[in-house]
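Chemist: Found this in Swiss-Prot, in case it helps:
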- 22-25: topological domain 'Extracellular' (TOPO_DOM)
- 26-51: transmembrane segment (TRANSMEM)
- 58-81: transmembrane segment (TRANSMEM)
- 82-105: topological domain 'Extracellular' (TOPO_DOM)
- Gln105: chloride 1 binding site (BINDING)
- 106-127: transmembrane segment (TRANSMEM)
- 131-154: transmembrane segment (TRANSMEM)
- 158-180: transmembrane segment (TRANSMEM)
- 193-216: transmembrane segment (TRANSMEM)
- 217-226: topological domain 'Extracellular' (TOPO_DOM)
- 227-255: transmembrane segment (TRANSMEM)
- Lys242: N6-(retinylidene)lysine (MOD_RES)
Amino acid sequence: MSITSVPGVVDAGVLGAQSAAAVRENALLSSSLWVNVALAGIAILVFVYMGRTIRPGRPRLIWGATLMIPLVSISSYLGLLSGLTVGMIEMPAGHALAGEMVRSQWGRYLTWALSTPMILLALGLLADVDLGSLFTVIAADIGMCVTGLAAAMTTSALLFRWAFYAISCAFFVVVLSALVTDWAASASSAGTAEIFDTLRVLTVVLWLGYPIVWAVGVEGLALVQSVGVTSWAYSVLDVFAKYVFAFILLRWVANNERTVAVAGQTLGTMSSDD
């Protein structure tokens with residue numbers, strides 16, 4: 001018996017094809033995705049070229065973490081375009097679009113759960129933070145992304161959507177707190193304060209945009225009910241928070257390898273008592 005003949009079971013291939021077709025038919029939505037595929041591809045080539053002379057050690061680690069950002073992004077955006085990581089969900093009672101089927105780009109949360117830790121890893125290496133702080137912040141970041149996905153995909157009750165949203169924001173506060181306080185102090189001690197401050201401001205300002213877009217978009221209050229407009233908002237944030245951020249960081253590292261290399265050996269260094 002074919003799986004498509006089993007009652008209640010839907011062919012995943014059919015759903016994927018339908019989702020991909022729906023994305024292609026929405027010019028606003030598809031253009032927001034293709035732009036990022038193109039920019040991510042360009043970023044990969046540029047970053048590989050920039051890293052050709054970067055020496056082993058911390059500079060090379062920063063380069064590796066930074067290169068992963070567009071690599072993850074291009075994979076994710078292709079997943080969205082193919083319909084693999086796009087689905088339809090019915091909004092719960094109390095939502096502005098209650099009872100309506102809304103297209104969810106849940107693959108974005110998968111992207112953020114993989115790419116934002118790389119951003120934080122690169123920043124942590126730049127600031128020469130201790131391993132415990134780096135682990136805590138990256139764990140909080142992943143928690144932020146996972147609970148954000150839960151907020152977007154929960155359909156049982158509107159209260160649960162906003163509860164997950166609040167938890168995600170709480171994780172976000174942990175990340176922001178580290179960037180503004182402890183990590184800034186570490187960067188000052190490491191001699192990388194100037195570039196770290198620039199990247200920190202860029203990261204904090206842009207990352208604050210994501211929960212705002214969620215809140216006003218179709219997933220939240222639905223003040224903006226166009227999935228295409230919401231997708232463009234996320235895509236623009238991604239361009240600056242990922243590719244522009246990464247280019248600024250790599251250009252500085254390539255020109256200041258000695259500073260990065262001698263800034264400290266906190267990460268990966270074992271205690272002399274071991």
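Note that Cβ sites are derived from N, Cα and C of the backbone, with glycine treated the same way.
How buried are these features, and what lies next to them?
Modeler: Here the transmembrane segment (58-81) has Cβ contacts under 8 Å with residues 20, 23-24, 30, 33-34, 36-37, 39-41, 43-44, 47-48, 50-51, 105, 107-108, 110-111, 114-115, 118-119, 121-122, 125-126, 128, 238, 242-243, 245-246, 249-250, 253-254, 257, 260-261, 263, 267 of the same chain, all six or more residues outside its ends.
Break the topological domain 'Extracellular' (82-105) down by DSSP state and the numbers are 1 helix, 8 strand, 15 coil.
Listed in sequence order, the residues of the same chain lying 6 or more apart from Gln105 (chloride 1 binding site) and placing their CB within less than 8 Å of its CB are Leu80, Thr85, Val86, Val227, Ser231, Tyr234.
Long-range contacts of the transmembrane segment (193-216) within its own chain (CB-CB distance under 8 A, at least 6 residues past either end) are made by residues 112, 119, 123, 126-127, 148, 151-152, 165, 168-169, 172, 175-176, 179-180, 183-184, 187, 223-224, 230, 233-234, 237, 240-241, 244-245, 248-249, 252, 256.
Confidence for the topological domain 'Extracellular' (217-226), expressed as mean pLDDT, is 93.
Taking the Cβ of Lys242 (N6-(retinylidene)lysine) as reference, residues of its chain lying under 8 Å away and at least six apart in sequence are, in sequence order, Ala40, Ala43, Ile69, Pro70, Ser73, Ser115, Ile119.
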Chemist: Is the transmembrane segment (131-154) in contact with the transmembrane segment (26-51), using at least 3 Cβ pairs under 8 Å (sequence separation of 6 or more) as the test?
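Modeler: Between the transmembrane segment (26-51) and the transmembrane segment (131-154), contact is absent.
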Chemist: Please indicate, using numbers and ranges, the residues of the same chain that are 6 or more beyond the topological domain 'Extracellular' (217-226) and have a C-beta under 8 Å from a C-beta there.
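Modeler: Counting only partners 6 or more residues beyond its ends, the topological domain 'Extracellular' (217-226) has Cβ contacts under 8 Å with 28, 95-97, 102, 104, 151-152, 161, 165, 233.
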